[in-house]
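According to TrEMBL, the domain 'YjeF N-terminal' annotation covers 15-208. The feature (6S)-NADPHX binding site is assigned by TrEMBL to 61-65, 122-128, 151, 241, 294, 339, 402. The annotation K(+) binding site is assigned in TrEMBL to 62, 118, 154. The annotation domain 'YjeF C-terminal' is assigned in TrEMBL to 208-456. As annotated by TrEMBL, AMP binding site applies to 372, 373, 374, 375, 376, 401.
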Ligand SMILES: NC(=O)C1=CN([C@@H]2O[C@H](COP(=O)(O)OP(=O)(O)OC[C@H]3O[C@@H](n4cnc5c(N)ncnc54)[C@H](OP(=O)(O)O)[C@@H]3O)[C@@H](O)[C@H]2O)[C@@H](O)CC1
Ligand SMILES: Nc1ncnc2c1ncn2[C@@H]1O[C@H](COP(=O)(O)OP(=O)(O)O)[C@@H](O)[C@H]1O
Ligand SMILES: [K+]
């Protein structure tokens, strides 16, 4: 079983193309199914200490994997039953069914078992599931001690993570050959439980990946505060939000943070306060300008945004500044950090999965787009994307986005390119949240950034 961090994410068509290439190179569909099913059986056997396993098989190759897994479990002396919702419809699944010597129960009549393996539908599910399948599936998962999905949980839409059925989450999903969008995009990601990848010998690659821990460089003897990165945070109508961003930048690794505009009383002393001015932004040493948290949306805010853009410094544009942005593509290295509402306002006409929309938005804006949420997508105009799917939901509290803008600003000022800076910032932010534990407020979050950063050295 392979952890999914850093792995390529393939949609169903890309997965089928990779599978077809493997088949064209000489490994038959049945051989691939045998590898998939046997590996599933091996993982189930390791996890279940001999308890009875009920394998649910569908009509396609996902079901075929299930027949192979059940047979392999039986051969290993494990108690295994099969329940199916329909007869096999593919040659490989029919062959796997024929090799199963036991009975096949009707899905609707099957009694619960302590371990349930869901091999009903995989990447071939293309429409809502009927009640005759959903109801027994809900009942059997609900009554199992451990539930394991083969490839993807049945009832999710592989390519966009939407739901074709209301079914409870499983405990573990064993992704075959590659991670799919459904494993990382909501709401389906929440149905997958833990996710592990099984290598079945299909070569996969692509420009969209699961987030992985950054490899950060500690400062060297040659470094000084400017070489580590000077971040200018532009303040506005709500100084607290800018203070959160500035603190995020400081604790997120910047060598120097300046807050331009009105500040709160409780700003850390290390953050230097200055009046906002074009001259302050023109300092050649400014490596990143963070603008938006608490900026306001009035004329003064607009003027500050215009001056910040005119400074031609690399920029992180968040919050209120996103509301003031026009349609013109960015001319300097820029990172936009919209949440779902801001994204809809800016790019509401785009279609497709969250990954596809984030990439299209990045192209249109000529900027890296950090499309935030429980499934944050970081997308670049060249079509690369990273999905960060496992940030703690405790981040859903006011002001954490301001901290994120600051952390990304620190990474950018420290010399990372826009895509890497955004991805590193999102990782560090989520890792700090994990370390902060439950029910923190945004003010608490920055205190955990140094330890999060230390874990990436
Ligand atoms: N990736 C790899 O390299 C490998 C992948 N492998 C495995 O293959 C899996 C993909 O297999 P697959 O293409 O046969 O599709 P699958 O998910 O079994 O379902 C298709 C069937 O379901 C039916 N159906 C669809 N929607 C329905 C609905 N709502 N309600 C009822 N029926 C519905 C559909 O019928 P139809 O749409 O034709 O009417 C068709 O009969 C993949 O996830 C992985 O497990 C491994 O075996 C080996 C290597
Ligand atoms: N349910 C969730 N699970 C994980 N992360 C979340 C969740 N909800 C929000 N977040 C993260 O919390 C941050 C919230 O940012 P944002 O919406 O801009 O809030 P604010 O404007 O109050 O700072 C983002 O980094 C977002 O990805
Ligand atoms: K499945």
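All positions are counted from 1 along the displayed chain.
The backbone N, Cα and C atoms fix where each Cβ goes, and this holds for glycine too.
Sequence features, as recorded in TrEMBL, placed on the structure.
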{"residue": "61", "record": "(6S)-NADPHX binding site", "Cβ within 10 Å": "27"}
{"residue": "123", "record": "(6S)-NADPHX binding site", "Cβ within 10 Å": "25"}
{"residue": "126", "record": "(6S)-NADPHX binding site", "Cβ within 10 Å": "10"}
{"residue": "151", "record": "(6S)-NADPHX binding site", "Cβ within 10 Å": "28"}
{"residue": "154", "record": "K(+) binding site", "Cβ within 10 Å": "27"}
{"residue": "339", "record": "(6S)-NADPHX binding site", "Cβ within 10 Å": "16"}
{"residue": "372", "record": "AMP binding site", "Cβ within 10 Å": "24"}
{"residue": "375", "record": "AMP binding site", "Cβ within 10 Å": "22"}
{"residue": "376", "record": "AMP binding site", "Cβ within 10 Å": "27"}
{"residue": "401", "record": "AMP binding site", "Cβ within 10 Å": "26"}
Binding-site residues close to ligand 1 - of 118, 373, 376, 401, only those whose C-beta is under 6 Å away: none
Entries of 61, 123, 151, 372 (binding-site residues) sitting next to ligand 2, with Cβ under 6 Å as the cut-off: 372
Secondary-structure category, per DSSP, in which residue 64 ((6S)-NADPHX binding site) falls: helix
Which same-chain residues, if any, lie at least 6 apart from residue 373 (AMP binding site) yet have Cβ under 8 Å of it: 186, 339, 340, 354
CB contacts for residue 374 (AMP binding site) [other CB atoms within 10 A, all chains]: 17
In sequence order, those binding-site residues of 61, 154, 373, 374, 375, 401 whose CB lies under 6 Å from ligand 3: 154
Residue 118 (K(+) binding site) and residue 401 (AMP binding site), Cα-Cα, nearest whole angstrom: 37
Same chain, 6+ residues apart, C-beta under 8 Å of the C-beta of residue 64 ((6S)-NADPHX binding site), given in sequence order: 33, 37, 57, 88, 90, 92, 93, 95, 96, 97
Nearest-integer angstrom distance between the alpha carbons (Cα) of residue 374 (AMP binding site) and residue 154 (K(+) binding site): 21
